[in-house]
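Below is one structure, written out as structure tokens; comments come after it.
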Amino acid sequence: NESTQGNFILLGFSDRPHLERILFVVILIAYLLTLVGNTTIILVSRLDPHLHTPMYFFLTHLSFLDLSFTTSSIPQLLYNLNGHDKTISYTGCAIQLFLFLGLGGVECLLLAVMAYDRFVAVCKPLHYMVIMNPQLCLGLVLVAWGCGVANSLIMSPMTLWLPRCGYRKVDHFLCEMPALIRMACVNTAAVEGIAFILAVGIVLSPLVFILVSYGYIVRAVLSIRSSSGRHKVFNTCGSHLTVVSLFYGNIIYMYMQPGTSSSKDQGKFLTLFYNIVTPLLNPLIYTLRNKEVKGALRRLVLGNLDLKKRL
């Protein structure tokens, strides 16, 4: 059976080798910085007692997601960009697609959970620690993971089982759903319809929830009389909104339209953007705009320096 035997060929920009060489260097640097940035966020959030709060519990999961998201595809992408071998095994392609859809879905839902956390912090500050108790935080994260994985368990097999009539050249860098749907030699309207319905549940619904939450947050902020209080709220919420805008903008463009309607080159660059640039920027957004994280980093660095002096 052609769907279970042989490798897929990831074409990428194989007709433009000079562009692939540039991309290899850029993606390698971005990937290494992503690993360092997100690992730093995880370590700082775990090691500094001041950051043992619901917000940083969710941020730790976001950083772990970003690490997993990029690592599920970037090493294979770098291997394909660096040489003449553009192949990926059927199993490798299936794993890549499953992780890509699953982790992307979890991130959509986790960003909605983080919006709810900010809503409670700003609109119900006196009850914040009671409402956002450890059991609820863990439950919300588990629901996000469960729904993301369930979405992938439905969409991955449906996409991979589409008849390809012996055609195994994927006009993309990765085994991504729109590119694999375009390879099918049958009418894909039904699969695209199911993908759209699932995308409404896992992409649009969380986005609507985020926008409604921020509507309440803005109303609460406008009632705060002190400018320092408003500035603090805008700082923490601004970071989250920036991440939401970067992530959702690309996801909606890629997955809320049929697989045949978007420009192929445009789709490739957008995939690279949300697979590389967004996970790279998330730690920067949260550290550069956040005094608590910068303070925690300073305490850890100074603490290590003091320890070395004593030794």
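Including glycine, each Cβ sits where the backbone N, Cα and C put it.
TrEMBL annotations: computationally assigned, not manually curated.
Source: prediction; values computed, not measured.
If one looks beyond the transmembrane segment (22-44) by at least 6 residues along the same chain, the residues whose Cβ comes under 8 Å of a Cβ in the stretch are 13, 51, 59-60, 63-64, 66-67, 70, 74, 77-78, 81-82, 272, 276-277, 279-280, 282-284, 286-287, 293, 296-297, 300. As annotated by TrEMBL, transmembrane segment applies to 22-44 (among others).
Per TrEMBL, domain 'G-protein coupled receptors family 1 profile' is recorded for 37-286.
Per TrEMBL, transmembrane segment is recorded for 56-74 (among others). Residues 27, 31, 34-35, 38-39, 41-42, 45-46, 95-96, 99-100, 103-104, 106-107, 110-111, 113-114, 117, 137, 141, 174, 243, 275-276, 278-279, 282-283, 286 of the same chain lie 6 or more positions beyond the ends of the transmembrane segment (56-74) yet place their CB under 8 Å from a CB of it.
Among the features that TrEMBL reports, transmembrane segment is placed at 94-116 (among others).
The transmembrane segment annotation in TrEMBL covers 136-154 (among others).
Residues or ranges marked as transmembrane segment in TrEMBL: 193-217 (among others).
Under the heading transmembrane segment, TrEMBL lists 238-256 (among others).
If you look up TrEMBL, you'll see 268-288 (among others) marked as transmembrane segment.
Against the transmembrane segment (94-116), the recorded stretches 136-154, 193-217, 268-288 differ in Cβ pairs under 8 Å, and the greatest number is found for 136-154.
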